[in-house]
Amino acid sequence: MDQSKRYADLSLQEAALIAGGQHILCAYKMAPKDGLNYLEAAAHFAAESSTGTNVEVCTTDDFTRDVDALVYYVNEATEDMRIAYPLALFDRNITDGRFMLVSFLTLAVGNNQGMGDIKHAKMIDFYVPERVIQMFDGPAKDISDLWRILGRPVKDGGFIVGTIIKPKLGLRPEPFAQAAYQFWLGGDFIKNDEPQGNQVFSPIKKTLPLVYDALKRAQDETGQAKLFSMNITADDHFEMCARADFALETFGADADKLAFLVDGFVGGPGMVTTARRQYPNQYLHYHRGGHGMVTSPSSKRGYTALVLAKMSRLQGASGIHVGTMGHGKMEGAGDDRVMAYMIERDECQGPVYFQKWYGIKPTTPIVSGGMNALRLPGFFDNLGHGNIINTAGGGSYGHLDSPAAGAVSLRQAYECWKAGADPIEWAKEHREFARAFESFPQDADRLFAGWRDKLGVGA
């Protein structure tokens, strides 16, 4: 059935829709099944995403038609389709009237992902007006709160040197805490790897007190504050809160040094929002494990990593992983930096839409996945600043001298970039950074030809 007369209006102007502030706009790459009309398929997509179905129904009235989602732009050659969703379509909380991300996902990337006449459809960007931003929580804490704890300026406080306890599984409580202590002697921030939780060989109630003791000992030895991001992800929100409450009790007066990690893609929006609302005094660390099944460039359905990052800021993530922009082991490219810019700035041009955030707090780009000191200068060149958290597991625990030396090498890499120095020359005056060349020789060979001769290192 051709629904284009109802669910498409190509006379609508995007600028006018944005100025009106009464729609969420979504941009997709969409292709219909072979032989089908593009606009008809797009209109069916909009119908399925709002008030319609595959037939006319007798219960439709004039009010219903007023909240139809409308296709307002198509370009079949480039597979571009844009839809305007009236705000009235979206579900609101009965407790406080706020928007729910699950409603946005249900409509904008819900049933439409399995439609029989659609070959593929992937959301590449969306625009939310000021009213919608006001009706989401947004972050309660941001990187400035961590800089303050670390004794740094709260503006442009710089690189936070972090790690992930490795190996990701298999460490019992005492070795786990010792691994944390060894890194904290040189670094700032440790996160649980996302599978780490309450395994039978390392129960939280035994492990976490030992981790807190390691944090205090490292602080005493270095005279510097340390931070820990604890994984509270669980199927049951009561279990998640039980883990968080135990952690707060354990850390006591040092609770401000405790972040809560939620594996937000697998855990879902409800888990992220629960953590944000129940624990507004904690830095909310959004890990996105599993996202690649829909965000990967090889996937033509779902949504992009930039869309996920924008959603995380609306929900209130203090920080979210953004990959390594082609400099680590994970899939990505240099132009992924727009993802970082989108969540850290008050306004930013996305792939399609210019988004203003109207003063809500920023979300920190967290960089992780195969990074080490040798890869960081190039990463910073691409990003253009160092106001991030980097969690380098192998880059710390794979350093030949110690995890602490690995942490120091990461910091020295940032200082090298900030000084505009040549990494080889910098290494001659900074031992931990120099030893990173020997620790990661394959990266050294690829990035710094002739480094062995220049640093006097034998083959």
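Cβ coordinates are placed from backbone N, Cα and C, and glycine is handled just like the others.
Among the candidates Arg276, Arg277, Arg288, Arg411, the one that Swiss-Prot lists alongside Asn111, Lys168, His321, Ser368 as binding substrate is Arg288.
Among the recorded positions Lys166, Lys191, Asp193, Glu194, Lys329, none has a Cα sitting within 10 Å of the Cα of His321 (substrate binding site). Annotation: Ser368 are the recorded positions among Lys168, Lys191, Glu194, His287, Arg288, Ser368 whose CA atoms are within 10 angstroms of the CA of Lys329 (site 'Transition state stabilizer').
For Ser368 (substrate binding site), the same-chain residues 6+ apart in sequence whose C-beta sits under 8 angstroms from its C-beta are Ile164, His321, Thr324, Gly328, Asn390, Thr391, Ala392, Gly393. Sequence-distant neighbours of Lys191 (Mg(2+) binding site) (same chain, six or more apart, CB under 8 Å from its CB) are Gly162, Thr163, Ile164, Ile165, Phe228, Ser229, Asn231, Ala259, Leu261, His285, His287, Thr391, listed in sequence order. On the backbone, the CA of Asp193 (Mg(2+) binding site) and the CA of Arg288 (substrate binding site) stand 12 Å apart. A straight line from the CA of Lys168 (substrate binding site) to the CA of Glu194 (Mg(2+) binding site) spans 8 Å. In this structure, Lys329 is the one among the recorded positions Arg288, Lys329 with the smallest number of other Cβ atoms inside 10 Å of its Cβ.
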